[in-house]
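Listed in TrEMBL:
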- 212-589: domain 'SAM-dependent MTase RsmB/NOP-type' (DOMAIN)
- Cys305, Ala306, Ala307, Pro308, Gly309, Gly310, Lys311, Asp329, Asp356, Asp458: S-adenosyl-L-methionine binding site (BINDING)
- Cys509: active site, nucleophile (ACT_SITE)
Amino acid sequence: MKKGRELFVGSYRSLHQTPISPIQFQQTMSHSDPSNRYSYTPILNWNPQVHHYFLKAYGADHFSRISTALTRPSRYSCIRVNTLRSTGDAVIDKLRSLVPNADVPPAQSDSGDDVANPLKECSAAAAAPISKCEIPGLDYVVFVWGSGPRRIDYGDAPPKEVIVSRKCAEAVLRGAQVYVPGVMACSAHVEKGDTVAVSVAVEKQGADGGWGIAMTRGTVLQGSETDPYYFERNGLYIGQGTAILSRAGMFRVSEGVGVDMKDRVYELHSFHNVLEGEIFLQNLPSIIAAHALDPQKGERILDMCAAPGGKTTAIAILMKDEGEIIATDRSHNKVLDIQKLAAEMGLSCIKTFKLDALKSVCRRDDIDTFTDPCCNNAKIDVTNQVLDSPNLQVERVSPLVTEDKGKKPNGGAYVSKADIRKNMRRARNGPGRNQCVGGRVDRSKGFSPDSFDRVLLDAPCSALGLRPRLFAGEETIQSLRNHAKYQRRMFDQAVQLVRPGGIIVYSTCTINPGENEALVRYALDKYKYLSLAPQHPRIGGPGLVGSCEFPDGYIEEWLRPGEEDLVQRFDPSSPLDTIGFFIAKFLVGSKDT
C-alpha cells in the first residue's frame, strides 16, 4: 500500500498459510549462529489470525518492519514543557546539568540501521543530545536523544545471569533500573557487586491455550544447555549491570533496586522525579492530539478518559489555564492521579470526576432535576464537599440505609434495594480499596447534551502501538472487535455532548485499523452532520483506505478515497520513530439535519 492512498479491498480468507512460529525461528537462528545468543533480537509472537489480518492491512514487508519497531523503544525522549512555569530554553539549560554526557553526541547504532529522523536536524546531532522541536507551534517540546541498539560485550566466559519479567524488561529498555519485584530467576551464587547479564522471560502459550512464563519466581539458572530455560532466552538479552543484592536478597526483599544497569542495549535517560511541575514526559503523538483539539481560552472542554492526565494538562496549558476542563475516568485512583498531576503543574482550570465514559450523558430525569449542565451530584447516600484545593473533591458515605424498597427516608429521594445492598456491603466489608488510598474524588452522573465546546476521546484500546513491546499474542480477532464495539459506544456519548459547531478529537495508541479507520467510517456513516476536519500540526502519515472481509462474512470498512489525508496515523516503523498512534478530528455540524 503506497502511503495508504491506494484503494484496498482484501479478503481475509485468502491468507491460509500459517507462518513459522517466532519462537521456532528464534531458536533456529540461535542454534545456527551461537553469537546470536547474547543479542537483542526479539520477535513478536502474534495470534495467527491477528497476524494474517495485519498482513492484509499493511502488506508483509511493512508489517514485518512494524513488528520489529514495536520491540524497540524510540531512540529519544519527548519532553513537554509547562510553559506557564518555564520555557523550552530554560529547561534545556537545566537538563544539561542533569543529563549525563549532555554535551556528547549520541552514539551511532551498532546494528547499522540508523535512519535520519526528520525531527532531528543535522546541526543538532553534531552538537548535543538535547534539542528543541522545530515543528511550528511545538517549540516548547524538547527532545533528549539516546542511542541503540548497541552490542554489549558480555566477555568470553558465560556470565552470571538474571532473568526479569517482560514488563520489567520493557521498563529497562526505556531507561529504568531492575527492581526486585521484576526479577524472576537468577544464577546460583550471585553476590552483591557481581556483574550479571540481564535477559527477559517472555510469555508463551501453553497446552491449555493460556499465556504465561515457563518458570516460577526464584528459579535457579544453571548456565548450560542442560538448563531447561537456556534456549528460551536466546536473543533476549537487554544488557548487563551490577547486582545490588545477593541472590538470596533479591528474592527475600519486596522492593528496591536489584540490578543497577551499567551497559544497556538502548541508552535512554530516565526522568523520574526530574523537574517535577516544569516538564512532563509524553509521547509526541499525544502532544499532537492535544493540538488537534485546538482548545481556546474560555471554552468548556471534556476529556472523557483522562487518566493519567497528560493530555488534560497539555490542553490546559494550551488554554493558558483559562476556561474549564472536565476530566473524567471510571477509576477512583486514576482520578487521583489526574488531580495530583494538575496540582503539580499548578493548573486550576481542571475539574475531575469519577465517571464511566459509557454513562457520560445525563439521563433525562437527571437533567430535569439538576439545572447545572454538569450533573455531578452523587447518589442519595453520598455527600460531596470540596476542599480548598480546586482539584480535590471529597466523597463521604452516610450511615447505613436500612429502609425498605419504595420508602423515602427522612422525606428524601427513593432508595432502591441495590443501594441498600451496597451500603450493607460497605458496613460489612469496610470502605474498600478505592476509598483507602489517601484521597477522595467527586462522582458525576454525567453531563447535559450539547454542553461542551470540544471533547477529547482518547479511547481505551488494544494499545498495540505502545513500544517497546515484547508480547502481543494475547489479542485475538474477537478481542480486537470487542475493543472497537466499546469505543463506538463511547463515541456515541461524545457526539451527544458536543454542541453544534464544536469539535471531537478521537485518538488511540494502537495499529489496529478496526479501532482507528473503522471507527471513523462508523462515525461518518451514522452521524451525517459529522465531517473530518484538517489537523494542525500534521506530521503523521495518511490513514488506510479500503476494507477487509473476515471468514465469518463480516466486512470491516475503513476510509474512502479522499479521507486518508484528513487523519493522522503514526507508524512506529517510520523515520519519526514514535509509538503507533491514530488521530481523527471531527467537526460537528447542525444536529437538526
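Cβ atoms here come from the backbone N, Cα and C positions, even for glycine.
Other Cβ atoms within 10 Å of the Cβ of the residue listed as 'active site, nucleophile', summed over all protein chains shown, number 24.
Counting in whole angstrom, Asp356 (S-adenosyl-L-methionine binding site) lies 20 from Cys509 (active site, nucleophile) by their C-alpha atoms. Cβ neighbour count for Lys311 (S-adenosyl-L-methionine binding site) (all protein chains, 10 Å cutoff from its Cβ): 23.
Residues within less than 8 Å, Cβ to Cβ, of Cys305 (S-adenosyl-L-methionine binding site) and separated from it by at least 6 positions along the same chain comprise Thr328, Asp329, Ala357, Leu457, Asp458, Ala459, Pro460, Met490. For the pair Lys311 (S-adenosyl-L-methionine binding site) and the residue listed as 'active site, nucleophile', the C-alpha distance works out to 13 angstrom. Here the Cβ of Asp356 (S-adenosyl-L-methionine binding site) has 16 other Cβ atoms within 10 Å, regardless of which shown protein chain they belong to. Ala307 (S-adenosyl-L-methionine binding site) sits 14 Å from Cys509 (active site, nucleophile), taking the CA atoms of both as reference points. Across Cys305, Ala306, Ala307, Pro308, Gly309, Gly310, Lys311, Asp329, Asp356, Asp458, which the record gives as binding S-adenosyl-L-methionine, the greatest C-alpha separation is 19 Å. The residue listed as 'active site, nucleophile' sits 15 Å from Gly309 (S-adenosyl-L-methionine binding site), taking the CA atoms of both as reference points. The Cβ neighbour count for Ala307 (S-adenosyl-L-methionine binding site), using a 10 Å radius over every protein chain in view, is 23. Long-range Cβ contacts of Gly309 (S-adenosyl-L-methionine binding site) within its own chain (separation 6+, distance under 8 Å): Ala327, Asp337, Ile338, Leu341, Ala342, Ile350.
Note on the domain 'SAM-dependent MTase RsmB/NOP-type' (212-589): mean pLDDT across this stretch is 86.
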